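Have a look at the structure below before the remarks.
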């Protein structure tokens with residue numbers, strides 16, 4: 001048995017290395033970046049990340065092909081679904097105000113390799129998202145000039161006839177990305193002001209669309225003569241919801257910018273709520289106006305809004321809409337270029353990515369090298385790939401990040417409390433003077449209460465004190481009861497102890513929650529797989545399809561219930577997601593469902609990208625990880641000095657070995673022999 005344990009110990013240590021957590025410094029507000037963003041700045045960054053080409057393209061596409069006028073309901077449901085993911089980001093962004101967004105949140109609560117893979121996929125998401133928006137920006141501008149730019153490029157520059165890439169190099173899209181990267185490298189304040197300008201123009205155009213559009217609205221376009229409000233039924237509304245969900249991708253730029261926020265504990269949750277509310281309102285109202293102006297089945301999917309005004313005889317209004325759409329795309333472009341280098345910077349700062357990208361310019365206080373390098377890579381993608389190929393690969397990284405952030409919220413909320421009240425509840429260091437301790441049964445004991453109890457029982461002479469009155473006895477019993485009911489996070493709640501104590505009472509704090517989160521993820525993936533593939537690809541009989549749905553649904557709900565019956569960490573001064581674990585749990589279910597709806601080709605590309613990421617991690621990141629270096633420093637030689645009774649000094653040096661190894665001690669020779677310790 002001992003030989004088996006010793007042979008497995010390298011594997012155990014290797015797994016522990018892969019799953020080590022990031023240790024945050026006590027002052028989480030300390031940063032080499034510049035903290036200057038207000039709530040308004042963050043909210044406008046979030047709006048810019050969400051309200052872009054989707055408002056001018058997606059509304060018309062979903063209305064015509066998927067949901068009809070009921071696209072309004074699709075956007076509303078998608079907004080509520082996005083809110084669940086946004087709340088998880090808001091709690092983490094306020095509690096851990098460090099740049100890195102989903103990467104940082106996963107590193108703090110789940111483990112290193114998972115954090116690296118999330119960061120690696122978020123990098124791809126931002127690169128492809130920026131390239132896709134630049135390509136859409138170029139195509140929209142080209143359509144205004146009757147495709148003269150495309151015709152000139154194909155005739156005088158180059159034309160390709162190669163599968164999987166564009167027919168011609170989009171020089172305009174690449175140029176706009178390079179120019180935007182150049183401006184963003186001047187600092188966060190310049191980026192913020194550029195975003196303010198484009199957001200202001202975009203919002204002014206949206207107000208114009210709403211006011212003038214409602215003037216031209218005709219309720220007959222929602223009548224039964226035109227197909228009714230929901231011509232595709234409930235299935236069309238839900239299919240539209242899956243597409244509209246991607247319109248709200250972009251709010252994570254707020255969490256990615258939390259290290260540059262002046263007061264992240266308040267600004268990040270407020271900005272997330274404001275930006276998501278504004279984006280949802282804009283999408284719902286604009287889709288209402290669009291389907292009331294012209295019949296939904298006559299919409300032009302490529303330029304629905306401007307075409308609707310053209311068809312109503314207001315060509316000048318269509319030009320204003322085109323200007324607004326370009327400004328809106330600029331805000332999305334800036335959002336992607338703003339977030340991407342900060343994810344790279346966070347990974348490089350932790351040693352998991354090449355250290356050159358962690359350098360911050362001393363003047364502009366931004367990672368200039370990361371901005372210019374990844375802005376150039378984004379420009380290359382926009383140059384050679386067409387919009388359709390880029391968009392197909394955009395969603396999977398985002399949904400994977402949302403899933404891990406939701407799981408991280410559950411893990412962090414129910415793990416043993418490591419945070420002190422410093423820095424607005426964001427610190428991770430413990431304070432022995434103020435942190436409650438655990439008694440033998442795992443219950444949380446307040447040190448002050450323990451002191452009072454000791455004073456009650458002890459006299460000056462050390463003997464038991466006689467109770468002076470019945471009221472003294474009553475107060476002591478009440479105090480002991482209050483101490484007993486305060487249990488540590490991750491342990492079974494006191495009210496459930498009589499029912500589940502025999503089964504779960506002996507588990508370590510957070511152990512049951514960790515296994516339940518794993519069961520939650522597995523059952524969620526299985527349930528969604530049955531829903532997506534059960535009838536079509538797998539051709540399951542009705543009885544087995546129903547049985548599998550019931551089994552996986554019960555396991556999913558049972559996992560949520562097991563998590564819920566455990567104690568959470570006490571309330572912090574920062575924002576917290578309500579109804580944990582139910583809100584993150586259903587967010588995980590929704591994200592997994594949408595991921596499984598993606599095409600097989602997307603999954604193949606995703607697998608190749610993950611394989612490339614694993615090569616980077618095992619070739620560089622695992623060897624340069626700062627957490628790994630911190631662990632090695634903990635195993636270095638430590639020296640202490642022991643004063644013997646005779647007054648001589650003995651130096652005792654001892655190596656800190658991994659658990660299970662013998663400690664070696666070296667004692668130098670001095671005047672007197674070493675005393676036993």
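Every residue, even glycine, has its Cβ placed from backbone N, Cα and C.
Annotation source TrEMBL lists compositional bias 'Polar residues' at 431-449.
Under the heading domain 'Cationic amino acid transporter C-terminal', TrEMBL lists 575-625.
What TrEMBL lists as region 'Disordered' is 417-449.
Same-chain residues lying 6+ beyond the ends of the transmembrane segment (39-58) with a Cβ under 8 Å from its Cβ atoms: 133, 136-137, 140, 192, 195-196, 198-199, 202-203, 206, 243-244, 246-254, 257, 261, 263, 266-268, 270-272, 274-276, 278-279, 282-283, 286, 301-306, 321, 324-325, 328-329, 331-332, 334-336, 338-339. Per TrEMBL, transmembrane segment is recorded for 39-58 (among others).
Sequence annotations record features per position, and here TrEMBL assigns transmembrane segment to 102-123 (among others).
For the transmembrane segment (171-190), same-chain residues at least 6 beyond its ends with a Cβ under 8 Å from one of its own Cβ atoms are 33-34, 36-37, 130-131, 134-135, 137-138, 141-142, 149, 153, 157, 257, 260, 330, 333-334, 337-338, 341, 361, 363-366, 368, 371-372, 375-376, 378-380, 382-383. The transmembrane segment annotation in TrEMBL covers 171-190 (among others).
The transmembrane segment annotation in TrEMBL covers 197-217 (among others). Listed as Cβ neighbours of the transmembrane segment (197-217) (distance under 8 Å, sequence separation of 6 or more from its ends, same chain) are residues 44, 47-48, 51, 55, 282, 285-286, 289-290, 292-293, 305, 308-309, 312, 314, 317, 320-321, 323-325, 327-328, 330-331, 334.
What TrEMBL lists as transmembrane segment is 229-255 (among others).
Residues of the same chain lying 6 or more positions beyond the ends of the transmembrane segment (267-294) and with a Cβ under 8 Å from any Cβ of it are 37-40, 42-47, 49-51, 54-55, 59-60, 62-63, 68-69, 71-72, 75-76, 79, 82-83, 86-87, 89-91, 93-94, 97, 206, 209-210, 213-214, 216-219, 221-222, 244, 247-248, 251, 254-255, 258, 261, 304-305, 308-309, 311-312, 574-575. Here TrEMBL flags 267-294 (among others) as transmembrane segment.
Sequence-distant neighbours of the transmembrane segment (314-338) (same chain, 6+ residues past either end, Cβ-Cβ under 8 Å): 45, 47-49, 51-53, 55-56, 126, 129-130, 133-134, 136-137, 140-141, 144, 176-177, 180-181, 184, 191, 194-195, 198-199, 201-202, 204-206, 208-209, 212, 216, 250, 253, 256-257, 303, 305-307, 371, 375, 378. As annotated by TrEMBL, transmembrane segment applies to 314-338 (among others).
Taken from TrEMBL, the feature transmembrane segment applies to 391-412 (among others).
The transmembrane segment annotation in TrEMBL covers 512-534 (among others). With a cut-off of 8 Å between Cβ atoms, the residues of this chain six or more beyond the transmembrane segment (512-534) that come close are 403, 407, 410-411, 414-415, 490, 492, 504, 540, 545, 548-549, 552-553, 555-556, 558-560, 562-563, 566, 581, 585, 588-589, 592-593, 596-597.
Counting only same-chain residues 6+ beyond the ends of the transmembrane segment (540-565), those with a CB under 8 A from a CB of the stretch are 410, 414, 492-493, 496, 500, 512-513, 516-517, 519-520, 523-524, 526-527, 530-531, 534, 581-582, 585, 589. Taken from TrEMBL, the feature transmembrane segment applies to 540-565 (among others).
Annotation source TrEMBL lists transmembrane segment at 577-596 (among others).
According to TrEMBL, the feature transmembrane segment maps to 602-623 (among others). Remote same-chain residues near the transmembrane segment (602-623) are listed as 17-18, 112-113, 116-117, 120-121, 124, 347, 351-354, 392-393, 395-397 (criterion: CB distance under 8 Å, separation of at least six residues from the stretch ends).
Using a Cβ-Cβ cut-off under 8 Å and counting only residues 6 or more beyond its ends in the same chain, the transmembrane segment (391-412) has close neighbours at 84-85, 88-89, 91-92, 101-102, 105-106, 108-110, 114, 118, 121-122, 124-125, 128-129, 132, 246, 249, 252, 510, 513-514, 517, 520-521, 563, 569, 577, 580-581, 584-585, 587-588, 591-592, 594-595, 598-599, 601-603, 605-606. According to DSSP, the secondary structure content of the domain 'Cationic amino acid transporter C-terminal' (575-625) in residues is 40 helix, 0 strand, 11 coil.
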